[in-house]
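What follows is a short report on a single structure.
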Amino acid sequence: MKTIIALSYIFCLAFSQDLPGNDNSTATLCLGHHAVPNGTIVKTITDDQIEVTNATELVQSSSTGKICNNPHRILDGRDCTLIDALLGDPHCDVFQDETWDLFVERSNAFSNCYPYDVPDYASLRSLVASSGTLEFITEGFTWTGVTQNGGSNACKRGPASGFFSRLNWLTKSGSTYPVLNVTMPNNDNFDKLYIWGVHHPSTNQEQTNLYVQASGRVTVSTRRSQQTIIPNIGSRPWVRGQSGGISIYWTIVKPGDVLVINSNGNLIAPRGYFKMRTGKSSIMRSDAPIDTCVSECITPNGSIPNDKPFQNVNKITYGACPKYVKQNTLKLATGMRNVPEKQARGLFGAIAGFIENGWEGMIDGWYGFRHQNSEGTGQAADLKSTQAAIDQINGKLNRVIEKTNEKFHQIEKEFSEVEGRIQDLEKYVEDTKIDLWSYNAELLVALENQHTIDLTDSEMNKLFEKTRRQLRENAEDMGNGCFKIYHKCDNACIESIRNGTYDHDIYRDEALNNRFQIKGVELKSGYKDWILWISFAISCFLLCVVLLGFIMWACQRGNIRCNICI
């Protein structure tokens, strides 16, 4: 019986010890930062996968699917190519004297006049597209001794045979075709674009029927250039009932220069000139519909927003557009390192600081305090450190956009077959530029993300050190982002620590006294586990002894009989 009483006393003594830190003479103050249940993964210089509370996508990966007609003037080519509109194909007459910022060519565009080719098609197309106008001025060329305004059934204008409206097909008059020698000076202060051509008959009979001479010749000159073309007579694939063809050429006459045309046959003469303008107009092949909306950036896929620094919708763009990169996604960290809060905090609901985990539910700030004292628990944000971090992060996105947005258009590149090697080289250069920009973009974002995370970590450390300097010897760093305060610290006291008005001298004596007392209790209570295990072992031993003694006593009295057989 004495043993049982002694063991009961030991158990009661062990569990009657006060839990350190749970009395009214101490308090706990923890510092922490905002956290979310599911963060966003970003890349930094040192880590390919680091979780942050918030991030902004930097790559625009989709278009609106339509081309906006504002603020750029969009001219829909419909079923006409730009060159057909330039030459005056009958079904493209609606484009005469039109202007544009962006001419949109459709995949269903077709020619509906006499068969032609342009030896330097891409250059002429680009030249006219960048001029942004089809403004045409008719001039009084004098063509003596020939028949003008030739036409063809392949180029009907209404029910009658016709021809390109900007060109004049000259044929023999009677049985003669004299040598033509015409000059046209440029007395204006702008460049003039003259379009002319050479007819290639399908047979020698057609050649003499139209031009008398068995072989014609066309020479067009300025002070800066000269082109001489000899017709190539021969049958070609039939197009709209014709096996002949026309080659289209062009000449630019500078102010003060003179255009000279010399020919003895096969001349497709100009009727005037196109007024050349300088600007940033362009052309784009696209089947996206044109709609009434606003967008600064246009791609063949449709307009895209330019509020992001990068895009991977299309390499071809017009306007102020994000830079094209290969990556589908690049995320810019706009929040701090995310460490989700641990849900289980022990039997007594202990709180922990930023070293263990972040705090979810902090909607009024990025950094803050949690406390546990005689009045309960509480939480408050630290607005000063929060604002310091936000001020430095804000503007990151705009700065990246300013560094990368193109203020010009990336035109389509076209080359003739004979320029295949140049095309291959140009493609290699463009691909290299894209690779370089893609690498630079990833590096730039990784650097910015590293800076953001280091910055937010630094603000947390600054707040922790500021609190440590206030508390001094009145509290002990618990190693998890918390301080154990060794004096009674009510809510007013906690608030003074948060706002920086805490006076450690007021509580110094109380803190020192409590520190020594609590340390002593903690030292004694450190043997509690040993006492419990020893008590348990002794109890088990005594129970076994009592049970064995009972069995032996019963056997002696005859109450229990034990037979052993061999």
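For all residues, glycine too, the Cβ spot is worked out from N, Cα and C.
Annotation source Swiss-Prot lists signal peptide at 1-16.
Per Swiss-Prot, topological domain 'Extracellular' is recorded for 17-530.
Annotated N-linked glycosylation site per Swiss-Prot: Asn24 (among others), in sequence order.
For Asn38 (N-linked glycosylation site), the same-chain residues lying six or more positions away in sequence with a CB closer than 8 A to its CB are Pro340. Residues or ranges marked as N-linked glycosylation site by Swiss-Prot on the basis of sequence analysis: Asn38 (among others).
Classification of Asn54 (N-linked glycosylation site) by DSSP places it in coil, neither helical nor stranded. According to Swiss-Prot, the feature N-linked glycosylation site maps to Asn54 (among others).
Taking Cβ-Cβ distances under 8 Å and a sequence separation of 6 or more, the neighbours of Cys293 (disulfide bond) in its chain are Thr64, Lys66, Cys68, Asn69, Asn70, Ser303. Sequence annotations record features per position, and here Swiss-Prot assigns disulfide bond to Cys68-Cys293 (among others) based on sequence analysis.
Remark: Cys80 (disulfide bond) has Asp89, His91, Cys92, Phe95, Ala109 as non-local neighbours, by Cβ distance under 8 Å and separation of at least 6 in sequence. What Swiss-Prot records for Cys80-Cys92 (among others) is disulfide bond, and it gives sequence analysis as the kind of evidence.
Long-range Cβ proximity for Cys113 (disulfide bond), meaning a same-chain Cβ under 8 A and a gap of 6 or more residues, is found for Asp84, Leu87, Asp89, Pro90, Ser152, Ala154, Cys155, Gly162, Phe163, Phe164. The disulfide bond annotation in Swiss-Prot covers Cys113-Cys155 (among others), and the record cites sequence analysis as its basis.
Under the DSSP three-state reduction, Asn181 (N-linked glycosylation site) is assigned to strand. Sequence annotations record features per position, and here Swiss-Prot assigns N-linked glycosylation site to Asn181 (among others) based on sequence analysis.
Marked as disulfide bond by Swiss-Prot: Cys297-Cys321 (among others).
Of all Cβ atoms in the protein chains displayed, 18 besides its own lie within 10 Å of the Cβ of Asn301 (N-linked glycosylation site). Sequence annotations record features per position, and here Swiss-Prot assigns N-linked glycosylation site to Asn301 (among others).
Under the heading disulfide bond, Swiss-Prot lists Cys489-Cys493 (among others), citing sequence analysis as support. Note: Cys489 (disulfide bond) has non-local neighbours Thr26, Ala27, Leu29, His371, Asn373, Ile497, Tyr507, i.e. same-chain residues 6+ apart with C-beta under 8 A of its own C-beta.
DSSP assigns Asn499 (N-linked glycosylation site) to a helix. A sphere of 10 angstroms centred on the C-beta of Asn499 (N-linked glycosylation site) encloses 11 other C-beta atoms. Feature annotation from Swiss-Prot assigns N-linked glycosylation site to Asn499 (among others).
Marked as transmembrane segment by Swiss-Prot on the basis of sequence analysis: 531-551.
Taken from Swiss-Prot, the feature topological domain 'Cytoplasmic' covers 552-566, and the record attributes it to sequence analysis.
Positions annotated as S-palmitoyl cysteine by Swiss-Prot: Cys555 (among others). Under DSSP, Cys555 (S-palmitoyl cysteine) is assigned to a helix (H, G or I) in the three-state scheme.
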Which listed residue (Cys155, Cys321, Cys493, Cys555) has most other Cβ within 10 Å, given these are recorded positions: Cys321
Among Asn54, Asn181, the most crowded of the glycosylation sites [Cβ within 10 Å]: Asn54
Assigned element (helix, strand, coil) containing Cys493 (disulfide bond), judged by DSSP: helix
Disulfide-bonded residues compared (Cys68, Cys297) - the one with the fewest other Cβ atoms within 10 Å: Cys68
For Cys92 (disulfide bond), the three-state class that DSSP assigns: helix
